[in-house]
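What TrEMBL records for His416, Asp468, Glu477 is active site. Look at TrEMBL and you will find 516-540 tagged as region 'Disordered'. Marked as compositional bias 'Pro residues' by TrEMBL: 516-534. The feature domain 'Carbohydrate binding' is assigned by TrEMBL to 544-626.
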Amino acid sequence: MEKLQKPISVVVLFLHVWVLLVPFACAGHDYGQALSKGILFFEAQRSGFLPRDQRVNWRSDSGLHDGRANGVDLVGGYYDAGDNVKFGLPMAFTITMMSWSIAEYGKQMAANGELRHAMEAVKWGTDYLIKAHPQPNVLYGEVGDGNSDHFCWQRPEDMTTDRRAYRIDTNNPGSDLAGETAAAMAAASIIFRRYNPAYSNELLSHAKQLFEFADKYRGKYDSSITVAQKYYRSYSGYADELLWAAAWMYQATNDRYYLDYLGNNGDALGGTGWSMTEFGWDIKYAGAQVLAARFLMQGKAGQHWSVFEKYQQKAEYFMCSCLGKGSRNVQRTPGGLLFRQRWNNMQFVTSASFLMTVYSDYLTSTGKSLKCSSGNASPTELLMFAKSQVDYILGDNPRATSYMVGYGSNYPQQVHHRASSIVSIKVNPSFVSCRGGYATWFSRKGSDPNLLTGAVVGGPDAYDNFADERENYEQTEPATYNNAPLLGVLARLHGGHGGYNQLLPVVPEPIVSKPIPTPQPKPAPVTQPKPTPTPVEGKSFAPVDITQKATASWSAKGKTYNRYSTIVTNKSTKELRNLQLSISNLYGPLWGLTRSGSSSSYSFPSWLDSLPAGKSFEFVYIHSSSPANVAVSNYNLA
């Protein structure tokens, strides 16, 4: 991290569906190979005692006394970019985005043999964050000093620079840092819940403490850790991180407290007011808005319905701006790359591409399209644009240059990265001094002695120009937060037509606060929550089971509203096709089905063509009445 972030310009202006199934052409690039390389990059960024299975073998142990001067163990974690400082804010964001990538597309990563490596990359970061949070209201947010570090050009293994640690606490708050770290811990707890539940619970415990700390003791972290101002100043403040953290806390816990926090603070903290055209380590509004939109699509917004609709409007503003169909669009290079700034522009490209990818899948699951001020866009169009950005990074650009080191045949050779640009300590253990590194290694014009496989560098300027020179830190320096969101997109693209469906819940079902309202008395007692299906000549409906239950209930303006979950199960031994449902007595919004023909007729959700034997899918609806009448009007078994 060699240069101060430029000020950010802003304009005021689900269903567990970690999903997929949008068609696209995968020819041209090996996204699986790019995914593998992109994950490997994180091993080159490791600080601390390296494990036996370390695959980047030109690196060795480093930073082994970090935290000692402060009486705390801060060994481990990641160097953020091409230097040897551990900056807490971008590190936490990196972990959040890696975790989100896995939560959405872990199945595709597993199919590529990379899920274990991806989770190890997350755990390397969360293990450090646990150490950095030794007390409920204490969080260490930086180890090392950017000024002294940048004065030297040394391998991490040779560091002679100041390794003091800097912290936030109740007297020196940092809501943005604590909030982002809470988000990272919460997001990571989701992906470890199945594989390591004890570790997941530990992460969640830290996340809860950090969120409370961030919210109760408010302030910007760079006012407390002033040495970070030149490198990772929090221009956006801390309001965005509070909302972002609350969204991840709700996703991880299903605790309505955090959902209410989003609903009650959306306006005051800017989540429903800021219309964003960027998303990254500093500014999280777009990410929080996408997550809030997801909760809305799940039917979880409850009495905060109108607030969450505003979140969704802002999320879609971001999407439209990236597509070039909004009222204020993101600039593009002549070659088609989203462009925000000259210094490390790729960080915005990869993070925007990730949001577009997941939002495309969310829209697909609901059967809806994106409505922009300059025309509508289908979920497929959104995904295809994200794909175009990834393809540009991998070499489909005017220079035919891959901006991922080690991918393709033409990629940066002089990366602005201390460890890769200096001969490995395992090859030549001779000490590299602070200034000697500049004279011997920084200034040399040859290729790096160590290949920084998978690193995504800063990338070209506004005119697609790029200078592969080590001193050109604006374009040749990589960063962990460039790679983290890209992992999810690469996994999604590599997965092709396969992927998750909405059959498995992401989080535990909410506690049912009220039972399903008792139906009005009828001549014969009703023992099931669904009506008896109306027969269709020549069809038997025994193979199709429909089960409804109320999963939430609340009161607003004198009315009681219920959220109903409806599970449709194929109980036959054959594949269910051409399913048609007839829904009557429905007085509110519905998600997870596709309307077909009349207002009461519905078919499979757009992402589902058929239902295999023994499988189920879910749709949800909200209204202020007893359960709607759901009946099967047609189907085929194949």
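Just so you know, glycine gets a Cβ as well, placed from its N, Cα and C.
Most buried of the active-site residues Asp468, Glu477, judged by other Cβ atoms within 10 Å, is Glu477. Recorded residues Asp468 (active site) and Glu477 (active site) have their alpha carbons 10 Å apart, per Cα-Cα distance. Here the domain 'Carbohydrate binding' (544-626) has a mean pLDDT of 82 out of 100.
With DSSP states grouped into helix (H, G, I), strand (E, B) and coil, the domain 'Carbohydrate binding' (544-626) comes out at 0 helix, 51 strand, 32 coil.
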